[in-house]
Amino acid sequence: MGIEWEGVKVEIGELVVEGDSESEMEGPTRRELLPWDRTLASVYDLAVVPGDSEEERREVARTIVTLCCEGTAGLISTARLVVELLRQTGENLDPGFDAETPLPLYETLLGSSPECADDLEAGLSYAERELTSSVSELLRSHSLKGYESVAMHAGAIGLLAMEIADATPSTLMEVTESEEVFEIGTDDLPRRPTVLLVGHLPLLGHIITEELGTLARQVELVGLTHTAWPNREDHVRVVGPLSMYHEYLSSGFADVVVVDGACPGEDVIEAAREGGSKLVATVGARVADLLDVTDYPVEEAVEVLVTEEDAVYVEEPIKAVEIAAWAALRVEGSRDRREPPRRAFRVGPPTRLTDVVIRNVGVPVVAGNIPGIVVLVSCPEKSADVEEPAKIAEVLLERGYLVLVPGCLAVALGSYLDDDGKTLYERYPDTLLNTGPCTSAAHLVGACIRVGVIFGKLPIRGEFVRVADYVLNRVGACVIAWGGEYSEHLVSAAYGVTRWGIPVVLGPDPEAGSLLVEKNPKVIDACSGEEVEDPTPEHLRCVVSDWKEAAITAARLCMRPNDTPEGRQNKVESYVELYRELYGELPPDLDLLIRDESDIPVTLRSEIRELLEETGWTPRSRASDPTLLPEG
């Protein structure tokens, strides 16, 4: 029995019984992790969803599960594509950065470290099996907390697929690396037949140009994808972020567009028609009812595309690009040449968080000299959408936070300039890091796990709950997901991140205040077994109304029960200064964040003491070994 969903085929086969030789590759099921989900739900208000009645709220929760499953299905499809390409090349797995534990999500869930395509295949088989289980839960009636558990499980599985997809292109890509800010854009595109690759295909540009041979040199191969690299002749030239695809397609500057199974939806066909471009959809593309010319000879497929159809489907990606290139040569002289959007992006060099980087960053994060790590994720669809996430990044960078940006936002930030014409990358080269493709979001979660491996000697193989508990109570990081609308990939990732113990801030939503129910999180001191009041982080997932609230909330959610007095002082000082800058007063919740006198920053001692006296604050004990697990 099996199901197919967005290019993912999930088969339910035989069960692996205990003692089987393959059992060591079996990852945890949702039911095995349900106690952890219930622990999180008992401490944090995760299952808070809008609705006037219980029935309406449950329907919203069910929709969230559906989005998480759709997002995870797409991520698995992407991972399968790149793993198959890895298998075809025969290359050994090389994640592209120096780390003793390069794929920590895989190692935590599956209990081993992958070394080749077959190992990655085993990880995807597990992901597909658990996705099937999550989909089947949609047929059952759950409580809000039950749907929350299913959504988090689907999201966590999606992050595993992300990690696999992120590791593989590092082996396959051959792009020019840069140690400095570099510029991409459309300003100097030559006027010749143009093929625009939209999605993941630009990452494999060197394979495409090699396969197409002289044909590749007769056309201009340009791309919209979720990362960028300096231009080179034998690769696809990136001209903008994937999230802005509608703006680029509708401009009509490309003669033919090739779209794969990345983020774009069915509106790509309409956008291409609006621009007068032909379109070729390939594996995973979310389009329907196109003529499938996969089995046609190339010449016949080109003829059909040029003379009969506006858009066709080709299953094999390289063949799809070949058909597009020949078609571009045919149609280029028969259509009005249009100008591309005039866009330029000065992008910071993609940075991998190696063990060396984590060691250098880990100590100041623990000490509070770096008050926290904030991962900022957004999918700006047009230039105006960049301003708010850029402002969030800017105010956090000014206060010393380490800000990591993956995917389309990492590219789009290259268009946000100050009065002197400088980008944030040029102003904050050491603390604003472009981490690469959007799939690197999983690598960012993995970096939090590797902090525990490097500094806490944390055993991770098969230890999901122990790892998530460590991250939640000791690693001062949070994620901000920003935008008017979220793709299903982003929804899936947001719920998966929560499962790993990393707080997520969502926004903007003008109705945000009505969605928050306050709790008073407590932790257990494993040394004494006593329950200790320490609402840091105060939320694991929350919705905010505007960019200022997002920045403030992120600063607060980077505090942890394990903070040393010096570390908490520095975090409180950064939080107070940021709050004052944005709102002109002291934050009203300092009584929740200051455990005793040693947490009060020296430079703010008198005024904070005065505020604490007004609130009736009394010192609290601190947990020397914080955990949410009763057994410690």
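Using N, Cα and C of the backbone, Cβ positions are placed for all residues, glycine too.
Summary of the site annotation: Swiss-Prot records [Ni-4Fe-4S] cluster binding at H200, H226, C263, C408, C438. Screening the candidates C379, C478 against this entry identifies C379 as the one listed for that site. In this view, the densest Cβ surroundings among the binding-site residues C263, C408 belong to C408, judged by other Cβ atoms lying within 10 Å. In the structure shown, across all protein chains, C438 is the one of the binding-site residues C379, C438 with the greatest number of other Cβ atoms within 10 Å. A C-beta separation below 8 Å, combined with a sequence spacing of at least six in one chain, links H226 ([Ni-4Fe-4S] cluster binding site) to P241, L242, S243, A262, C263, P406, G407, C408, V411, P437, C438, T439.
Residues within less than 8 Å, Cβ to Cβ, of H200 ([Ni-4Fe-4S] cluster binding site) and separated from it by at least 6 positions along the same chain comprise T78, L81, V82, T225, D260, G261, A262.
Residues T225, P241, L242, S243, A262, G407, P437, H489 surround the recorded [Ni-4Fe-4S] cluster site, their Cβ atoms falling within 8 Å of the Cβ centroid of H200, H226, C263, C379, C408, C438, which are themselves excluded.
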